[in-house]
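What Swiss-Prot records for C505, C508, C525, C529 is Zn(2+) 1 binding site, and it gives sequence analysis as the kind of evidence. Annotated compositional bias 'Pro residues' per Swiss-Prot: 170-182, in sequence order. Marked as region 'Disordered' by Swiss-Prot: 33-62, 163-191. Taken from Swiss-Prot, the feature zinc finger covers 505-541, and the record attributes it to sequence analysis.
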Amino acid sequence: MEDSDSAAKQLGLAEAAAVAAAAAVAAAAAAAAESEAEEPVLSRDEDSEEDADSEAERETRRVTAVAVMAAESGHMDMGTEALPSPDEAAAAAAAFAEVTTVTVANVGSSADNVFTTSVANAASISGHVLSGRTALQIGDSLNTEKATLIVVHTDGSIVETTGLKGPAAPLTPGPQSPPTPLAPGQEKGGTKYNWDPSVYDSELPVRCRNISGTLYKSRLGSGGRGRCIKQGENWYSPTEFEAMAGRASSKDWKRSIRYAGRPLQCLIQDGILNPHAASCTCAACCDDMTLSGPVRLFVPYKRRKKENELPTTPVKKDSPKNITLLPATAATTFTVTPSGQITTSGALTFDRASTVEATAVISESPAQGDVFAGATVQEAGVQPPCRVGHPEPHYPGYQDSCQIAPFPEAALPTSHPKIVLTSLPALAVPPSTPTKAVSPTVVSGLEMSEHRSWLYLEEMVNSLLNTAQQLKTLFEQAKQASSCREAAVTQARMQVDTERKEQSCVNCGREAMSECTGCHKVNYCSTFCQRKDWKDHQHVCGQSASVTVQADDVHVEESVIEKVAV
């Protein structure tokens, strides 16, 4: 699409140059013909030449003269071109007589970029009449991105127009009028809408559906009160006026009643109308101009934000950082999330025996970063940030070579000349450009720091394993203690249930409060149950004397004792 637009623009410029050249040729031919016509004596040869020149002049007059005024001086330069010969002028005029091309390109939005096209002796165009020399102005209504190509035949018919968007209003011959300036009230108040100056009058013609009236600003109240609209000989409030027009169900007189095609809400937004509050007690709201009360204006309700409402600004999230190792053959990427988790996407090796040249580029973000290049690194590793600035313990038992379980030795490459540490999205500095040399003391310090870092990592892993083992042991102990507790509780419940069963009354089954003093094996809840059960229990108890229950003496008559005695 861009290629076609640029081609159209180039074609338009070429055609505009051709049109200008043809116009210049026509003017030169006309001037030559007039100078030759002034000579009184002509020979036969000169007569033939004059006929040819007059014919060329007639052909030239049929050519449409085009004058193009461009906003930029670099588009066209016609002042330094030399005039062609009469023969070339006649040939160009004859070739140009059929079709005239008018090209307008690079139309800007300013008022100075106006292209004026003059059409001479053209017939009527469809919808327009061009008589004599008519100026056609194409102004700001054209699109600023596309070129305009207009092909006009000499018979006056428009053949083709491409890349031209029709203006909102029809184009009329003659100079364009400048845009009308804003009214003084609009410039000062800064209204949102373009109003007629009559909007500031005290009386405004309003309409609701097909009923018209006159709104008096001085009598405007809250809408429900204050009869400010006069229709005929009657006065109505805005709500009554919209109800009379059949819009009572809308309950929004600010949008039902219109002035100049716009609802009254637009006038209220621009501050031209100021309705009163519902609690206003002024003379207009009370429909009594003899009263005088305070005026309370209507204040639009603004929605308040809740306290627990989330803020509109997005919360900045910490993006995961990538540590990419770029060796000669493969690449390994470590992703460090904001929570501290580390994930890898390949194999990693640390060649502790060989000394290689590496370039380390450490970048915190694409916008800012520190570059360390040209360092001699013997061991490649990642230093944990938590150990910076703290003394490291010395472990004499560790050897120079160590193995890490998560990375098998067989799957790891061993010779990688370059190691690059970077973060998302990409490096800003190429890793192959050395910028600063590091002294051997710094390199040895880095080696010691790396060795201590690996020792610290191994110690931390061992401590984590020990902690996990201890946690597992404590878990088993807690589980056993819980099971023992449940067994003890179950046994205590069974014992309590057994005791309750033993202490129940043998007669009624209720909870026993006393027992037999003779055998201490039978329990009773009351003396009534004891007397009732005595007939059966006396054979088991084996006592014929009186029975005492809880220090209560039971006296039995002698006759009964004699009968019961065995």
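In case you wondered, yes, glycine gets a Cβ from its N, Cα and C as well.
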For C529 (Zn(2+) 1 binding site), just count the other CB atoms lying within 10 A of its CB, please. 19
Helix, strand, coil: count each for the residues of the zinc finger (505-541), based on DSSP. 15 helix, 5 strand, 17 coil
Same chain, 6+ residues apart, C-beta under 8 Å of the C-beta of C505 (Zn(2+) 1 binding site), given in sequence order: E511, A512, N523, Y524, C525, S526, C529
Most crowded position, judged by CB atoms within 10 A, among C508, C525 as binding-site residues: C525
Using the CB centroid of C505, C508, C525, C529 as the Zn(2+) 1 site centre, which other residues of the same chain sit with their CB within 8 A? S504, V506, N507, G509, R510, A512, Y524, S526, F528
